Amino acid sequence: MNPFQKNESKETLFSPVSIEEVPPRPPSPPKKPSPTICGSNYPLSIAFIVVNEFCERFSYYGMKAVLILYFLYFLHWNEDTSTSIYHAFSSLCYFTPILGAAIADSWLGKFKTIIYLSLVYVLGHVIKSLGALPILGGQVVHTVLSLIGLSLIALGTGGIKPCVAAFGGDQFEEKHAEERTRYFSVFYLSINAGSLISTFITPMLRGDVQCFGEDCYALAFGVPGLLMVIALVVFAMGSKIYNKPPPEGNIVAQVFKCIWFAISNRFKNRSGDIPKRQHWLDWAAEKYPKQLIMDVKALTRVLFLYIPLPMFWALLDQQGSRWTLQAIRMNRNLGFFVLQPDQMQVLNPLLVLIFIPLFDFVIYRLVSKCGINFSSLRKMAVGMILACLAFAVAAAVEIKINEMAPAQPGPQEVFLQVLNLADDEVKVTVVGNENNSLLIESIKSFQKTPHYSKLHLKTKSQDFHFHLKYHNLSLYTEHSVQEKNWYSLVIREDGNSISSMMVKDTESRTTNGMTTVRFVNTLHKDVNISLSTDTSLNVGEDYGVSAYRTVQRGEYPAVHCRTEDKNFSLNLGLLDFGAAYLFVITNNTNQGLQAWKIEDIPANKMSIAWQLPQYALVTAGEVMFSVTGLEFSYSQAPSSMKSVLQAAWLLTIAVGNIIVLVVAQFSGLVQWAEFILFSCLLLVICLIFSIMGYYYVPVKTEDMRGPADKHIPHIQGNMIKLETKKTKL
């Protein structure tokens, strides 16, 4: 039978052997009167619930905003592993609501479930914050604590997700349905507010505050943990005025039992003598009431359309992983503000708040006036296409970033520059092979070659002979180099003559957008340089070369330095994103001690503003896909199945994150190619979904109404009764 066709339930020819009588639910105790807000019809208890939700969402999204960078730079995992664990955590957060709903519906009730799992949530934050302390153990300890903390957080946030909104709805009397609807609007506003504010603030706590000489991940995790403590305390404060309905049974479990019984009963009755039934779910008629079977039939028709949906979430949820990793390799200076890479995620909730009224009141109405039938399924398909375009744009940005990156020497190649620290010009040539024409220009005093020159090696390592001409002197020197490296040949005065030294340079930009610096000291005394309150380095006398140090991007007009008998400061100027600098400390007789600044590797030039189009496209896709998808699903399934639909919707998000995990671990593609892969996969899925939607026959509301059935169990369930609100989950 075509799964898209309407399924009218008919009496079967096979007489049921037995029918299980489902006892009616005992009447609920009357709700005790609750204090109201300023004499209105709004219970005072909802204020505690709304504040709780704001703090909890701040806690979750704030912690998650910095998570990918924590994996990369604190736990020192590679990008693929960091992405995989990030999406494994996200997936777990969307699997655990099923467990939370089952606990609330069948055992503890909503209130106790929220309290107990919030305690688990807080414990997870505490363990996660401890794991981010550099002084607490080594790499293994940090990793173990982090994974335990994240597992508890996933259990806590997922477990309470299906309970909090529904518990708020329980505070209203049935006659105050209008006030309850407005409450849900405020509730969902608190979700978006918590997401928006936390995604902006916690990256600043991480990047703008230093702990133990590093980014302060402990603070970035600790503040969201504190907000979760506040959420728990505020929620518990309202305990005495809450209406706490008892557990009412789990409709999700009932659906699974009905489906399982139908399948098993069908296989038990495979004989050709037994009459066939119109629908495979009709085989549950021996045990389950007719209305429940009709509702499950309607549910399965919608769930069939859910099969392609995880691919969309696979793209959408990469904003916090792959797109953040892309942002760290871009120039984040906007002129009026310097962004942290993980702050770009704030665009999503911000644009959601802008796009929802724009689409509802402008775009959809204009399309309707043009006479175009823009159905829900078509909106979802367009949302998928917009997400495809977003990843195509992300791939183009990635390609441009790679083009701006410094070229790398290949096998049997090195890159070489010459720095002349002598008091007069020097001419340098390479002796004895095809490279002798590369360095033909004289290099003036305190100048360098305009760019790195490529030298070809005969083997993986080679000794090069250099001919130096200085005044009337002609000198020969020899230096050894290794393939695939960058070098600086430093010419310096040596009495009345000159000498040279070969210094190995950094090969590439830092992966985290930090600035790399090192120093050459031409003074006759050691110099101690304080780059920050907790970062200093010593440079040996007489052309000593320091190790590389990474520092935050910014202006450094007065870096404190000292020798054994003198304190002084150096103006290093702007140290920009991703650049590598060499500073030569010299004593100029006219201007005193100075630092000659040499940019070995240029800064990131690609502005982070180029990520705005991909964020705008994917958020527009989210508004068209997610909001419309929920509205469509709820219009096509009976009211008794709303909580089951929400469970299935959350599962599609969980599966989408698993797809990213698998691709990140096993694709082996460069980043721009991976973006193209996701874009193409979703395009194929969009085509399949469009075909499914073309043959889908929408169900009218009256078609889902069946005759009253005394065997229908009165089960409402405690999953969130999602209204068609525009929000994050």
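Backbone N, Cα and C atoms are what each Cβ position is placed from, and that goes for glycine too.
Of ASN269, ASN528, the one with N-linked glycosylation site in Swiss-Prot is ASN528, while the others lack that note in the record, though it may still apply to them.
Topology check against Swiss-Prot: GLY137 and TYR696 carry distinct topological domain names and occupy opposite sides of the membrane. For the residues ASN7, ASN567, Swiss-Prot attaches the annotation N-linked glycosylation site to ASN567, which does not rule out the feature elsewhere. If you compare ASN373, ASN587 in Swiss-Prot, the N-linked glycosylation site annotation sits on ASN587. As annotated in Swiss-Prot, transmembrane segment covers the listed stretch 140-160 rather than the other ranges in 35-55, 140-160. Sequence-distant contacts of the topological domain 'Extracellular' (317-343) (same chain, at least 6 residues past either end, Cβ-Cβ under 8 Å): 64-69, 72, 79, 82-83, 86-87, 90, 199-200, 202-204, 206-208, 394, 397-398, 401, 509, 511-513, 553, 576-578, 603-611, 614-615, 618, 653, 656-657, 660, 671, 674-675, 678. With the fewest other C-beta atoms within 10 Å around its C-beta, ASN472 stands out among the glycosylation sites ASN472, ASN528. The average pLDDT computed for the topological domain 'Extracellular' (79-83) is 93.
Counting same-chain residues at least six beyond the ends of the topological domain 'Extracellular' (205-217), those with a Cβ under 8 angstroms from any Cβ of the stretch are 66, 69-70, 73-74, 132-135, 223, 340, 342, 532-535, 552. Cβ neighbours within 10 Å of ASN567 (N-linked glycosylation site), excluding its own Cβ and spanning all shown chains: 9. Using a 10 Å Cβ-Cβ cutoff, ASN587 (N-linked glycosylation site) registers 11 neighbours. According to its DSSP assignment, ASN472 (N-linked glycosylation site) is coil.
Assigned with DSSP, the residues of the topological domain 'Extracellular' (205-217) fall into helix, strand and coil as follows: 4 helix, 4 strand, 5 coil. For ASN528 (N-linked glycosylation site), the nearest of the glycosylation sites ASN472, ASN567, ASN587 in terms of C-alpha separation is ASN567.
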